[in-house]
Amino acid sequence: MRPRKAWMLVLLLALVQLLAVASAGAPDEDSTDKEDAIEEDEEEDEDDDDDDDDLEVKEENGVLILNDANFDNFVADKDTVLLEFYAPWCGHCKQFAPEYEKIAATLKENDPPIPVAKIDATSESALASRFDVSGYPTIKILKKGQEVDYEGSRTQEEIVAKVKEVSQPNWTPPPEVTLVLTKDNFDEVVNDADIILVEFYAPWCGHCKKLAPEYEKAAKELSKSSPPIPLAKVDAIAETDLAKRFDVSSYPTLKIFRKGKAFSYNGPREKYGIVDYMMEQSGPPSKQILALKQVQEFLKDGDDVIIIGVFKSESDPAYQLYQDAANSLREDYKFHHTFSTEIAKFLKVSLGKLVVMQPEKFQSKYEPKSYVMDIKDSTEAAAITEHVVKHTLPLVGHRKAADAKRYTRRPLVVVYYSVDFSFDYRAATQFWRNKVLEVAKDFPEYTFAVADEEDFATELKDLGLSESGEEVNAAILDEGGRRFAMEPDDFDADALRDFVTAFKKGKLKPVIKSQPVPKNNKGPVKVVVGKTFDSIVMDPKKDVLIEFYAPWCGHCKQLEPVYTSLGKKYKGHKNLVIAKMDATANDVTSDRYKVEGFPTIYFAPSGDKKKPIKFEDGNRDLEHLSKFIEEHATKLSRTKEEL
C-alpha cells in the first residue's frame, strides 16, 4: 500500500505544478483590461494631439494663419480681428504683404492687442464662400464675430485707423443707407424722387442675400453724388400688394422710378456697376440740338437712326411726354430734341412733332425719308415708343452684334459679306446692299439686313456657311427659332428672291445643330438632340419633362442623380417622358423653350406644346420635381390622388 500512496502523491504534486505553470503563462483578465485601457488612452491622446494640430494657429512674420478648421475657435472670444483673404498667385496680394505685416506689428502694440490674420482663399474655400470673397486681396474686420466690410485704401495708416475705430467699446455699425419702403411710405418716397432705384426682395432668396451687401455699398456711394441718388428696398413677401402692383414675380426685381413712374432696371448687380448705371440713368434721356449743322452731320455721316423731337420749350407738355418715352428706350436708342425753328423748317415739320429718319447711307427710293408723329397733350408715352420702335429700322439695315436685339422681328433675312461703310469700302458695301433692297421691297412682312461675316462668324458656322467659299451668303431666321441657309452660289437679286420665295412656300429644310441621334435611348431619362427635339419633346400625344443642361454646369451635375431617380420613378408611365438635352451642342427648335441659364426645366403638356410650363422652384429635389410633374401631367396612368 505504501508504494501506491507514494505514487499517488507524486502524481498530485505534478498536477499542482502544471496548474501553477499554466496560470503563470496565461494573461490575467484585469491585466488585459488595463493594457487595453492604456492603449485606448494613448489613441485618444493621439486624436487630441491631431485636434490640437488642427486648431493650432501658426504665425508668419507677425501675421496669424487661419483656416477652415481653426477659424471659428480662434475668433470666438475675440472682440476685434483684422482679416485678409488672399491668393498665393495674386500680384496685388504679394505687393500688399509687407504693408500687411507692418499693420500686424502696429496693432500688436495696441492696448489691448488686436490680432491680424490672413486666409488663403484658394485652399480655404469654405471661409472664402462664407465671406463672399470674389477678389484678392479682400480685407474684412470682425467685430464680436460680425463682419464689417473695409472699403478704404490698402495703406497702413488708413487700415489701422479703421480697425482702431471699430475696436472701441462703444462702436456700433452705421445705419443702413438703403431706404426701407412699405405700403405706408412707398408712394410718398417714390413720387417725390426725381430718380430712385427700388429692389423687391424675398428674405429667403439666395440671390437677394448675395445682392444685399453690393446694393448697400452702392447706396452709400450714390448718397454722396450731387444730387444724391437714393436706393430703397421692399420686402415683397411682407408687402404683397406692392409686389402685385408692380408685377413682381421673381426675386430680386429691381425697378427705377422717376417721379413715381416705373422703368425697368437692366444694369449690373454689383456696387460699381449699379453706381455707373444709375449715374447714367440720372441724366436726361434726350440731348438738345442747338445748331442745324448737327442735324446735317447726323444725316451725312451718321450710322444709326436719327430721333428728334421738335418742341416750343421745356414747358411744352409734349416735351415732357417725349422725355418719358425716351426714358423707357434710352438704353436702346439715342434721343435728341430741339427748340429751334430753323431746324424745324429744315425737317419740314411744325412744333410738337417727333421725327424718325435714317442717315443718308441707309435711305433708299423704296421708303420714306422720314416718319413724323404729332405729339398732342392726349398722346400717351407708349404711343411714342411704339412709333420709334416701328420706324427705327430701314428697309435693309446693318445688323451688328451691339444692336442685334433690334432685329428680333421674324422672319429675318440676313445677307452676310464684308460690310464696311467707311469711305474706301462704302461703294462695295452698297453694291451688295442695293441687290438686297430690290428683293426687300417686295416682302414688307419680312425684316431684311446685311451683316458683317466676321461679326457673325459663329452664326455662319452654325448655318454651315463658314466654309462656303462664296463672297456673299444668306440665311433666314424664322419665328420658331429655326434657321435656313441659302445654297452657296453666285449671289444676285434673283437668287435671293428665289430663296425667300421658297421659304415663304415652305419648301426649305431648316439647318439644325445636333449631336448624333443616340442608337440606344432606352434609359430612364431620354436623351434629346437637335434632330429629335420635335419628335420627342413636341410629340402631341405625350407629356414631356425636359431638362436643358450644359456639360460644364455644376448645378447640372448635382441634379443628374436626382433627375435619373425621377426618370426611374416614372419609367412605367408610357405617356410621360423624362428627357434631357445638352443645350450647348444642340438647337432648341422652338422659341417657346427659352434657355437663359442652366439647368432650365420645362414641362411640355400633351396637346399644348406651345405653352410649356417652366420649373421655377429653387428646390430641385425628387420630391419637388415629382410634385411639379403631378400638378401639370395630363397623361399619368394613375390619378393624382393615388400618387
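Backbone N, Cα and C define each Cβ position, glycine as well.
Predicted, not measured: the structure shown is a model, and the values here were computed from it.
Here Swiss-Prot annotates a disulfide bond for Cys93; of Cys90, Cys205, the partner residue is Cys90. When the ranges 97-100, 133-136, 325-328, 553-556 are checked against Swiss-Prot, the one recorded as motif 'CXXC' is 553-556. Remark: Cys208 (disulfide bond) has Glu199, Tyr201, Ala202, Tyr251, Pro252 as non-local neighbours, by Cβ distance under 8 Å and separation of at least 6 in sequence. With helix defined as DSSP H, G or I and strand as E or B, the motif 'CXXC' (553-556) counts 3 helix, 0 strand, 1 coil.
Counting only the Cα atoms, the space from Cys93 (disulfide bond) to Cys205 (disulfide bond) is about 33 angstrom. A simple way to gauge crowding: the CB of Cys93 (disulfide bond) has 20 other CB atoms within 10 angstroms, across all the protein chains here. If you draw a 10 Å sphere around the CB of Cys553 (disulfide bond), it holds 15 other CB atoms from the protein chains shown. With DSSP states grouped into helix (H, G, I), strand (E, B) and coil, the domain 'Thioredoxin 3' (503-634) comes out at 36 helix, 24 strand, 72 coil. Note on the domain 'Thioredoxin 1' (21-168): mean pLDDT across this stretch is 83.
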